[in-house]
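One structure is given below, encoded as structure tokens.
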Amino acid sequence: MRRYAVFGSPIAHSLSPFIHAAFARQTGIALEYVAIEAGHGDFAEKLAASGVDGANVTLPLKEDAFALCRSTSARAQRAGAVNTLLHEGDGWRGDNTDGLGLVRDLTERHGLDLRDRRVLLLGAGGAARGVAPALLDAGIHSLYIANRTAERADALADALGDPARVHPRGWDALSDLGEFDLLVNATAATRTGALPVLPMALVAPRSVAVDLNYGASAVAFLAWARAAGCAQALDGLGMLVEQAAESFSLWHGVRPETDAVYAALRARVETSPAAGD
Ligand SMILES: NC(=O)c1ccc[n+]([C@@H]2O[C@H](COP(=O)([O-])OP(=O)(O)OC[C@H]3O[C@@H](n4cnc5c(N)ncnc54)[C@H](OP(=O)(O)O)[C@@H]3O)[C@@H](O)[C@H]2O)c1
């Protein structure tokens, strides 16, 4: 039986084992998929010791995973972050399925047209790095990146190499940016502390807000988005299942159907809101 794992910290409440077990049943592929707790200091060692055939990588290890790969896909290079590892000889090839997962969820599940949209991305960590190139590829008009540590927003903007559309900003500049069509929370703020205050002036009646978090971690941003008057406030559960489906198809050459797994996850998160990716 082939073995897979998701590495990250904290990882105990990860939904990835549930998702990949559901995909395996649906496609008739025999596999085991487990969650392994690992941080910056012990990730490489635990990955080597695990003997897995492939792996997912989550917070806070996506940039560490990028650094340890022997080769990386074009989308992982643009992100500077890896969430999917595939064997390449005795080393690893890295890919990043987060951006495709978000765009597929927004456009196919929720029917949004991203073309020509003015987009605010909050955060510049591994998840923000994954979704930014895919949003640009989906044809958005402009991408404003605001991060608590402004230098990280600058570094992401530099890496994206699209100065006409990409504008890094410090968190303190948010009140001067005007309204956005799409607001994406890619921070881990509600996991590590409280969501910083966001000006309501960022929102227009047409605005859509999406939190890459879900369950208890998404409550604060989505409550703010609704209070500010967003037309839609979406969580990251759809992205989670879509990025997992893309990883699954990279490993097994079969694309699983996601709607039934999404519905099962939604029911699971409603009864256990502490779940994490
Ligand atoms: N739905 C999905 O499929 C999916 C996929 C990937 C990630 N996610 C979620 O997205 C979130 C971010 O993940 P990641 O991999 O990007 O983590 P990461 O690499 O550790 O980055 C964390 C980001 O959050 C910011 N942040 C942390 N605490 C903050 C606070 N108190 N106030 C303001 N900003 C704060 C960091 O800012 P600094 O740079 O200033 O530290 C950084 O931008 C996680 O909660 C993760 O669960 C969901």
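Positions of Cβ are set from backbone N, Cα and C atoms, glycine also.
All TrEMBL annotations are machine predictions without curation.
Keep in mind the model is a prediction, meaning the values are calculated, not measured.
Features as listed in TrEMBL:
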type	residues	note
DOMAIN	6-85	domain 'Shikimate dehydrogenase substrate binding N-terminal'
BINDING	Ser14, Leu15, Ser16, Thr58, Asn83, Asp98, Tyr214, Gln243	shikimate binding site
ACT_SITE	Lys62	active site, proton acceptor
DOMAIN	109-191	domain 'Quinate/shikimate 5-dehydrogenase/glutamyl-tRNA reductase'
BINDING	Gly123, Ala124, Gly125, Gly126, Ala127, Asn147, Arg148, Thr149, Ala150, Glu151, Arg152, Leu212, Gly236	NADP(+) binding site
DOMAIN	236-266	domain 'SDH C-terminal'
Query - Binding residues Gly123, Ala124, Gly125, Gly126, Ala127, Asn147, Arg148, Thr149, Ala150, Glu151, Arg152, Leu212, Gly236 (NADP(+)) - maximum C-alpha distance in whole Å - result: 26
Query raised in the report: Taking Cα-Cα distance, which of the recorded positions Thr58, Lys62, Gln243 are within 10 Å of Ala127 (NADP(+) binding site)?
Result: Thr58, Lys62
Report summary line: Between the two most distant Cα atoms of the shikimate-binding residues Ser14, Leu15, Ser16, Thr58, Asn83, Asp98, Tyr214, Gln243, the distance in Å is 18
Report task. Would you mind reading off the Cα separation of Lys62 (active site, proton acceptor) from Tyr214 (shikimate binding site), to the nearest angstrom? Result -> 19
Requested in this report: Going by Cα-Cα distance, pick out whichever of the binding-site residues Gly123, Gly125, Arg148, Ala150, Gly236 is nearest to Ser16 (shikimate binding site).
Outcome: Gly236
Query raised in the report: Gly236 (NADP(+) binding site) to Tyr214 (shikimate binding site): how many Å between their Cα atoms?
Result: 5
Requested in this report: Please report the number of other Cβ atoms within 10 Å of the Cβ of Arg148 (NADP(+) binding site).
Outcome: 15
